[in-house]
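Chemist: I'd like to ask some things about the structure below.
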Amino acid sequence: MARKKAGETASKPYRGPKKKKSHFAGKRKPRESYDDIVKENELFEKYYKAQNILAEEEWENFMTSIRTGLPSTFRITGIRGHAEELMKYLKKHYVEKLNDVKEEFGEELDCVGKPLPWYPDELAWQINLTRRFIRRSGMVSDFHKFLIHESEMGNLSRQEAVSMIPPLLIDVEPHHKILDVCAAPGSKTAQLIEMLHEKEASTLPKGFVIANDIDPKRCYMLVHQSRRIHSPCCLITNHDAAAFPDINIKQKDSDQTSPMLFDRILCDVPCSGDGTMRKNPQIWRKWNPESGINLHKTQLRILVRAVEMLAVGGMVVYSTCSMNPVEDEAVVSQLLLRAQGSVELVDVSDRLPLLKRSSGLLDWKIQTKDGRPVPSFAECSSSDRTHGFLESMWPPSTAEREKQHLSRCWRLYPHQQDTGGFFIAVLQKKSSLPWKPGYRPHPKLLPWEITKKEKQNTKRAGNHSTGTEDKAVKNETETSKGEETALNENCCGEAKTSELGNCEGTSNVDMDSGDEEETEEQIPQPISENECSSVAGPLTKRRRVDQKSDNRENPFVFVENTDSHWTTIRKFYEISDDFPENVLLIRSASERKRTIYFVSTGLASMLRNVDQQKFNVINAGLRLFTRCENSDQDWSFRINGEALETILPFLSNKRVINVPQEDLVRILVDTSPKVSQMTTETKSALGNIGPGCIIFSYDPKTRKATDTVSVKIAVCGWRSRTVILRSLIAKGDRMHYLRIAGFAPDSPEIQALVSEPKVSLEEPSFQVETDSPSNDQEDVAPPEDVAAPESDDKIENPPEEEILNDKIEPSTSSNDVEVV
């Protein structure tokens, strides 16, 4: 008989020791309503009154404004050539009618849309929607859905007003190499991409944008943002902004390399976020004067690294959504002091004249957590210094103030123009820096700290040198722990979202479509060496394991011009010889390539020189071709909708059918349009074209007098062997094009799409083609061997933070996940 274990009974056998209950089990408190938060903080008022940020007569208006909710703002995307038509539609069908809604309720309802007066060409708008009025008014509800659909497809960009300003101040040109060091969630990145294309709309710019973020999850949010813009000029990377790696490029006619320098850098750093109190009321309860103290050095390290990577003559814009001078002027001042004239503040006082703002502070006060003033660093106690107080936080001397021109910085306060609080400084690199760029024996040290400690080690040669360095690193590590703690507590991490505010995130309006699901980004395997040339070399088993453990993606590899898949695709679509060479990439280990990516020539040149083992690339360019399952024919690759506008100029008329407006509308309304209902010209063209991907193109140059579409539209479709059609257009794009065609929100065509059930994320099933098709070929499902091209509705759904939902409490900075 088996021996009983302790605790075993006849009715219940022993199952091992009981698991302890979680410390937090059953203790989670119900979510607190924003309305219940008391918007008072004595330390906040005392601190900012001591800074003299405003005149006494403005203080009451400032406090009243910061206690009210933040209006919603959005920007109309200009890159696709539809901005003017979309703005006309917005004014005609919504803005004018929202005035009637205001009169209908007979109460104060400030939901009337109005353009931001300072933003160029009326492409940015402000509106204040609340869930209460969305539910009570069908008109407001329709407008709400319009904003959601257009935002999801990249035609609108939900973005806080102050967040739109930095890209407008750095004069982006098509040839510029641009870096956004703390890019997530990506609204400013999208702006930069648009500006890159603005002056050369008909051709691809030579420049590019690298969007970087330290959080891998938020990098995929950047992928979604960049794909909405339909540009092959964007690269997404995953690195710590303060330790962004050098991109070494080979010099012409030499084997030597040198770091690539950027023409423009956007530096929107993590911050305490007290400028976001209007949409993140929880800051009221937690704010204290030390909220920005532990972030100061992190912000300075990021800005220092940015100017190191900047070309002489280039510009960097430094911004925060904080009003705290320790995070703002103090950071800029310390950089200018150490740069010794090699970096200067740019006078941008003549820019955006209709934008109300204040000048930067010349003097400020430092206080402890309990509000005790600390006049100077010399009077700072040892206890305060262990809490992160640094000499660089205090204002510069009178002589230095005159040299630095800190008044050229911009401060935006909530009451000035009904926005959030924000700080902006534009800097230009005039000459080489006085320190060696990129040199860091210890990652947490600044360049001048390194120089100081090296001198100490030289003087104290021998046994004491090691001890000195160890002590220096130890002290630096302690300070860094304080920084990291502050980041975790104040501005970082998924679990801390409720404590944060975000200049690019959501506001008090419910903008959630309610039918989105988050999908995981697929991580393809590397390709075999015999098919393509790899820019990173072969992946060993160990390296794959290392990549998986540190969130690294497999590297992109180039598709050579002699690749069998590419030669087949080129022949099938009759792609012209003008198509740029060596710009196609894949991430596939098998010979059956699934997705082929397209990047601009500028990005391709950079990727060929960079070491992707050290440079973690999350995404590059656009998905150009996608393989259709169950098909090995020459037409097995279809064109992705996101890259259609890019590839279209290089295609012959072999797979392009020019359609009149009536046929275009049929294709947009019905996912399986009937050929019998098409015009004679379209039916004839379909009869002369073989199976595979088709491009339906509408050209306004051939429009009739009765046509309402005045812009060029091209969409993808699919033709089977039996002339069965399927339109491969995302639902949001279908609605957008119908709006461009002039269909009103209450039209049957629009309403049918609004009520259309959610597209399944599963691959649609197709019947096998029979030898004797039925008489009504259009009612037969596409055959299996043409098999299931994915609709563009199946693109990755935006992450939860991107769905414009007031249930998601925003983060403190537009880059709230920047962790050091």
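Note that the numbers count up from 1, one per residue, in the order the chain is shown.
Heads up, the Cβ atoms here are built off N, Cα and C, so glycines get one too.
Under the heading active site, nucleophile, TrEMBL lists C321. Look at TrEMBL and you will find C182, A183, A184, P185, G186, S187, K188, D213, D240, D268 tagged as S-adenosyl-L-methionine binding site. The annotation compositional bias 'Basic residues' is assigned in TrEMBL to 15-30. Per TrEMBL, the feature compositional bias 'Basic and acidic residues' maps to 467-484. If you look up TrEMBL, you'll see 512-521 marked as compositional bias 'Acidic residues'. If you look up TrEMBL, you'll see 810-820 marked as compositional bias 'Polar residues'. Residues or ranges marked as region 'Disordered' by TrEMBL: 1-33, 454-548, 758-820.
In the displayed structure, how are the listed features positioned relative to their neighbours?
Modeler: Look at C321 (active site, nucleophile): DSSP puts it in coil.
D240 (S-adenosyl-L-methionine binding site) counts 20 other C-beta atoms within 10 Å of its own C-beta, drawing on all protein chains shown.
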Chemist: With DSSP assignments reduced to helix, strand and coil, which class does C182 (S-adenosyl-L-methionine binding site) get?
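Modeler: DSSP assigns C182 (S-adenosyl-L-methionine binding site) to coil.
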Chemist: To the nearest whole angstrom, what is the C-alpha distance linking C321 (active site, nucleophile) and D240 (S-adenosyl-L-methionine binding site)?
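Modeler: So the Cα of D240 (S-adenosyl-L-methionine binding site) lies 20 Å away from that of C321 (active site, nucleophile).
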Chemist: Counting other Cβ atoms within 10 Å of each residue's Cβ, which of the recorded positions C182, C321 comes out lowest?
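Modeler: Counting other Cβ atoms within 10 Å of each of the recorded positions C182, C321 gives the minimum at C182.
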Chemist: Just counting, how many other CB atoms are there within 10 A of the CB of A184 (S-adenosyl-L-methionine binding site)?
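Modeler: Excluding its own Cβ, A184 (S-adenosyl-L-methionine binding site) sees 32 Cβ atoms within 10 Å.
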Chemist: I'd like the Cβ neighbour count for K188 (S-adenosyl-L-methionine binding site), meaning other Cβ atoms within 10 Å of its Cβ, all protein chains included.
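Modeler: There are 28 such Cβ atoms around K188 (S-adenosyl-L-methionine binding site).
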Chemist: Using only the residues recorded as binding S-adenosyl-L-methionine (C182, A183, A184, P185, G186, S187, K188, D213, D240, D268), report the maximum Cα-Cα distance in Å, whole number please.
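Modeler: Across C182, A183, A184, P185, G186, S187, K188, D213, D240, D268, the widest Cα separation comes out at 19 Å.
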